[in-house]
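Enquirer: Here it is, the structure, as structure tokens.
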């Protein structure tokens, strides 16, 4: 029985899609532009896997004899957010994008929310969660008004001090928002963000809770779970799929912790899917236009990939990909509409195969089900036949 380890390098796109102009993303090339700005990236394992051999990539080193197969996927869904990218990867193509609110939420949404929770709100803008609680934390404590904010993703986030608005009450507020934000107002996730005051600043607690949406159809994860195999989720995967199709999940502190948790599941689990998201690239560096920090994070992650490879069994398959772009070298702090890389490695697979330019992220999910010999009606065109010996 094969086991697949699927790792999403969140936001590590590799070049603008043909429709990038519609999204204001002409010129975006997250990995290529970071490499150019850094004067080259020391990511030897990704090069060995073939990332520099993908058609059309720029500023990346080619490998004469890559140990992996390589290619890239376009996004069929409308949008460029986390949920849309991950859902398509698992076989769900969205014809209508989930709503994002780069200018904050419209007055009618905020007014309705305020009436329903019986309080005014603070914020209502795009913000970093750690920064906005320190910007507005004192005012929140003084007034009792919760802090509402969003991000480049389709999210409605509500932050409150645990002693001002108890956690259960905050959860009730988020349930109200979840019921409101459907139909033409749909957002992918409503997130409760409790915090406290500690050592001179406001810090988030572990009582975060996501009120997500079920994917609108059967996903790769559902198919795997239905046949009795494990689906182990690392990072925010559990939240993206609203816990559906997942047998066990663990949240993480950062990229390195995410790799540690992935290795832990590899030692514990012997079949099915281990599905990890490494979010630091996007959250800490992409949105903050921190090109140098992004480059360092890529180098750090690359150094850990050999650990994953050395812990793989004979039949294991490793797939490294992304979910969208977030080019820190552009003026925008938003996600970018880009191709995503697909790197595939397994001891029993062919090496050096160019799987080409794929039409949809869903080809990844389709291929995983083929590798696990699971019959399915998932959207996408699998490439198992190209990489199988």
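Cβ from N, Cα, C; glycine included.
Residues or ranges marked as Mn(2+) 1 binding site in Swiss-Prot (evidence: sequence analysis): 10, 323, 324. As annotated by Swiss-Prot, Mn(2+) 2 binding site applies to 282, 287, 335.
Tell me about the setting of these features in this model.
Expert: Take the CB of residue 324 (Mn(2+) 1 binding site) and look out to 10 A: across all protein chains shown you find 32 other CB atoms.
According to its DSSP assignment, residue 335 (Mn(2+) 2 binding site) is coil.
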Enquirer: Between the Cα atoms of residue 335 (Mn(2+) 2 binding site) and residue 324 (Mn(2+) 1 binding site), what distance do you get, rounded to the nearest Å?
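Expert: With distance taken Cα to Cα, residue 324 (Mn(2+) 1 binding site) is 7 Å from residue 335 (Mn(2+) 2 binding site).
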Enquirer: Around the Mn(2+) 2 site (282, 287, 335), what further same-chain residues have their C-beta within 8 angstroms of the site's C-beta centre?
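Expert: Close Cβ neighbours, site residues excluded: 10, 11, 151, 152, 153, 283, 286, 324, 326, 333, 334.
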Enquirer: Using a 10 angstroms cut-off on Cβ to Cβ distances, just flag whichever of 10, 282, 323 is the loneliest among these binding-site residues.
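Expert: Looking at the binding-site residues 10, 282, 323, the Cβ with the fewest others within 10 Å is that of 10.
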Enquirer: Centre the Cβ atoms of 10, 323, 324, go out 8 Å, and tell me which other residues of that chain have a Cβ in range of the Mn(2+) 1 site.
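Expert: Residues close to the Mn(2+) 1 site, other than 10, 323, 324: 8, 9, 11, 12, 13, 82, 85, 86, 282, 322, 325, 326, 335, 340.
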